[in-house]
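J.: This is the structure, below, for whatever I ask next.
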Amino acid sequence: MSLYKLKFLNKINVIQTLHFSTLLHQFLEPRIPPIIEQRKIGRELANLLQSPHIPCCKKIHSKIVVFGFHKHDIFLVNTLLHAYSKLNLVNHANKLFDTMSHKNLVTWSSMVSMYTHHSHCLEALMLFVQFMRSCNEKPNEYILASVVRACTQFGGLNPALQIHGLVVKGGYVQDVYVCTSLIDFYTKHACIDDARLLFDGLQVKTSFTWTTIIAGYSKQGRSQVSLKLFDQMKEGHVCPDKYVLSSVLSACLMLKFLEGGKQIHCYVLRSGIVMDVSMVNGFIDFYFKCHKVQLGRKLFDRMVDKNVVSWTTVIAGCMQNSFHRDALDLFVEMARMGWNPDAFGCTSVLNSCGSLVALEKGRQVHAYAIKVNIDNDDFVKNGLIDMYAKCDSLTDARKVFNLMAAIDLVSYNAMIEGYSRQDKLCEALDLFREMRLSLSSPTLLIFVSLLGVSASLYHLELSNQIHGLIIKYGVSLDEFAGSALIDVYSKCSRVGDARLVFEEIQDKDIVVWTAMFSGYTQQSENEESLKLYKCLQMSRLKPNEFTFAAVITAASNIASLRHGQQFHNQVIKMGFDDDPFVANTLVDMYAKSGSIEEAHKAFISTNWKDTACWNSMIATYAQHGEAEKALQVFEDMIMEGLKPNYVTFVGVLSACSHTGLLDLGFDHFDSMSQFGIEPGIEHYVCMVSLLGRAGKLYEAKEFIEKMPIKQAAVVWRSLLSACRVSGNVELGTYAAEMAISCNPADSGSYVLLSNIFASKGMWVNVRRLREKMDISGVVKEPGCSWIEVNNEIHKFIAKDTAHRDSAPISLVLDNLLLQIKGFGYMANTDNKQCYTSSQLKSPEILTTPQLLSTVRQLRDSASHPLPLLLPKENVNQDDDDKGFPKDRILGYIHDKRNGVVTSNNTDYFSVNPRASISVSQIVQEKLDFPKVTLKMLILESSYGSQDYIHFLFHRYLKASANENCNEMKLGSEQISLRLENVPSELNCNAKVTEPDTT
């Protein structure tokens, strides 16, 4: 029974199978169905083509052909064209379009839109021309919008203008889609004004229209207009989308308008706009590029959904703001959380590895790049070259460079920059020649790299050749190349050529100005640097911290306290007073101007002090003989956890040398090895000076001979100076011979030895030494001094008579010399060199540049009392005026309140707030001036008040003991004063009161 049932069921299954196959054959058999059924099938096929996920476009195409829809159903064929476009099957769409017997506006629009969408702009334009020639219909708004976008891609202005004419002719000037496309075209082709005309003429504007015009203004650098348009958009109650917000944020970024970006962020939060990942990434990028690292990092940490762009943005932001350690930590955390950093992220972290000189970390990033197969990316390879070069691993950098299949200009620049950083000129030039032979035109950055190595080697000829190549290649001289040329010409002592380059640059940024300031300062053209700063103020560019460091150094070099104080005020106003570079220059400026207290105030007011700042304060106290304070600052520096460097110990040993702290000096000298510092020539000079001041001349000689480094002339000259003080002729002669053998052109050694011979009366040796100087062509540099009076700098040279006021200045100085003789002073002529007996008796040898400068200021302050700022001079310690007590003259006039400190062959003088000569001093301090001095005061006070002249004339009468004299003659000047004009209260017996001299 069971077997029978099984056979019956099997028979039924076979019959059913045959019946289904017959039905399927009948359904697939090509036959024309009825009209209703055909329309139903067409709708089903159209729905399949319009679905988000098209199953199989080619099979549907075959059904359309089989059923004959391609001959009469234009809607279905247009839908098929659109489907091919969505699937990037442009060739199939072309074939279908060519086989179509009937085409309408939608067909042409679909094809033009497809070509434009796939960046086939030329084909789109050619198809539009074919449409205009073969079709009787006028183009609609969709075709025109697509053609305008094709013109935007093609970049042709004439085709777009013709299309614009068709838009006007067809009456589509108010169509928002067509006009938005035209606005986009004009903004991308620098016709922003034409775009604005179209925009203002539109009555209806979509958010995309606003985005287009706002982004256009931002790209043209007119970010302020973009922000104004954004305000108008909000007033028009148009809700901005993320693209508008991104454009406005870019405008704020270009303007460095941090508050504007914060306002946009607040607007987004207040309006309840949902911020997706891309919008948050935009805000993170904005905050990092505005140097608000904490805000950007806080926003990143609060993100719930992060993508690779989020991680890459924050890593790049940390790198750009020099938070390199944070960038490395974020990169490690990103990989630990399962994200795969892309090429851009690897490039950023490689830059951080190079900045930190973290070679091992860089190698790990290199290994990761190989593992994920992004090591062939050009950005990654260039980043690897740069990282290895910064880590002083040029061998690995060259290996990466040689493995590159296609070496571009960026790769050449990275490799040349690596060689230039290590001053490997030959390798850099060889690679530069190889690049030129490969027919690659060098970029401006390559020229900048070569100029950098040329500047570090002071190679003028190479710099001229590079400058010539820049001109030959027609490379525009921008700020980077201009500042590099200014730097190299300045370092090669061609500051005039540097100024020509400076004037040639059209758009100067603050870097170019700062390079010129630094060039003038390096070449001691300090006055020119200060004059140039006035031009900077006229240009309305804001100086940065490096600019202030350069100009304050210029003011320091000429001891112009007035300029230094003005710069200090501007530094405080602009918020650069915490910058370590500015703080260092301020401390140095006040120190060289003698204002130690102001230098200390500038030092303690700095919140963040680096090693250089501490070094400046130590050197300040050391130069002014404040050894205890200098050593205390050194101890404070160690307590702060800062490691002293080479310069630190120069200041410490100099302080010990100036005060004769022999044992302490050797203790600090021996402790240098504990900090990993090898003593240099400056340290040995300080130790020799220390031994010499202690009278241990032969120990100093032995110390020099045991030096582990090459002996220099300055070391022997330090011993020679000590021998001059002690009068040791034998050892001084030996030290001078050794110094001259090290540097035959050193005039200081000759003069010091000549002074030793002269002090012992060895005039024959003096003459022989002078003759040797003449034969060798050694010329002694004359002493020079300068002082600023009434906004004018006056310069004096020893025995100078070229100054326009030299005659009256000499007259006042002669009177001062007459007065100090009353104190029993006699000129020290023991060390004068080969003067005649008449010259030794003459006071002309005492007319030093410093005294000339001081007297010049004294003349100008005779009737207008001002604080007397004593001058700066470059007189060496071996000059002929060292035996002359200049402070006694100045102290006599100014109540002995002027401080003089000598250090490093340069005299620095402090400011005496009471240092002025006025009637009050003559009356209250009862200073009895000789007649000739009173005559000089009357002559120089001819522009003063009448009471003041009467008073001086009365004192002259009293000094001359000639009460009947009613006039006097001063040189060629005649000043007549009648006794009847003298006020009664100023007679000889009356009590003298100070007249009004304001």
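Every residue gets a Cβ built from N, Cα and C, even glycine.
Where the annotation comes from TrEMBL, it is an automatic prediction and has not been curated.
Feature table excerpt (TrEMBL):
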{"type": "REPEAT", "residues": "73-107", "note": "repeat 'PPR'"}
{"type": "REPEAT", "residues": "206-240", "note": "repeat 'PPR'"}
{"type": "REPEAT", "residues": "307-341", "note": "repeat 'PPR'"}
{"type": "REPEAT", "residues": "408-442", "note": "repeat 'PPR'"}
{"type": "REPEAT", "residues": "509-543", "note": "repeat 'PPR'"}
{"type": "REPEAT", "residues": "610-644", "note": "repeat 'PPR'"}
{"type": "REPEAT", "residues": "645-679", "note": "repeat 'PPR'"}
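Quick one: how deep are these features, and who are their neighbours?
T.: Confidence over the repeat 'PPR' (73-107), given as mean pLDDT on the 0 to 100 scale, stands at 73.
Shown for the repeat 'PPR' (206-240): DSSP residue counts in helix, strand and coil, namely 26 helix, 0 strand, 9 coil.
Long-range neighbours of the repeat 'PPR' (307-341) within the same chain, counting only residues 6 or more positions beyond its ends whose Cβ lies under 8 Å from a Cβ of the stretch, are 277-278, 280-281, 284-285, 287-289, 291, 293, 296-297, 300, 348-349, 351-353, 355-356, 358, 361, 365, 368, 372.
Sequence-distant contacts of the repeat 'PPR' (509-543) (same chain, six or more residues past either end, CB-CB distance under 8 Å): 479-480, 482-483, 486-487, 489-491, 493, 495, 498-499, 502, 550-551, 553-555, 557-558, 560, 563, 570, 574, 793.
Beyond its flanks by at least six residues, the repeat 'PPR' (610-644) meets 580-581, 583-584, 587-588, 590-591, 594, 596, 599-600, 603, 650-652, 654-656, 658-659, 661, 664, 675, 677, 901, 903-904, 908 of its own chain at Cβ-Cβ distances under 8 Å.
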J.: Determine which residues of the chain contact the repeat 'PPR' (408-442) at the Cβ level, with the cut-off under 8 Å and only residues 6 or more beyond its ends counted.
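T.: For the repeat 'PPR' (408-442), the far contacts come to 378, 381-382, 385-386, 388-390, 392, 394, 397-398, 401, 449-450, 452-454, 456-457, 459, 462, 469, 473.
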J.: Looking only at the repeat 'PPR' (408-442), what are its DSSP counts of helix, strand and coil residues?
T.: 26 helix, 0 strand, 9 coil
J.: Can you tell me how the residues of the repeat 'PPR' (645-679) break down into helix, strand and coil by DSSP?
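T.: In the repeat 'PPR' (645-679), the DSSP-based counts are 28 helix, 0 strand, 7 coil.
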J.: With DSSP as the reference, give the number of residues of the repeat 'PPR' (307-341) in helix, strand and coil.
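T.: Result for the repeat 'PPR' (307-341), in helix, strand, coil order: 26 helix, 0 strand, 9 coil.
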J.: In the repeat 'PPR' (73-107), how many residues does DSSP call helix, how many strand, and how many coil?
T.: 26 helix, 0 strand, 9 coil
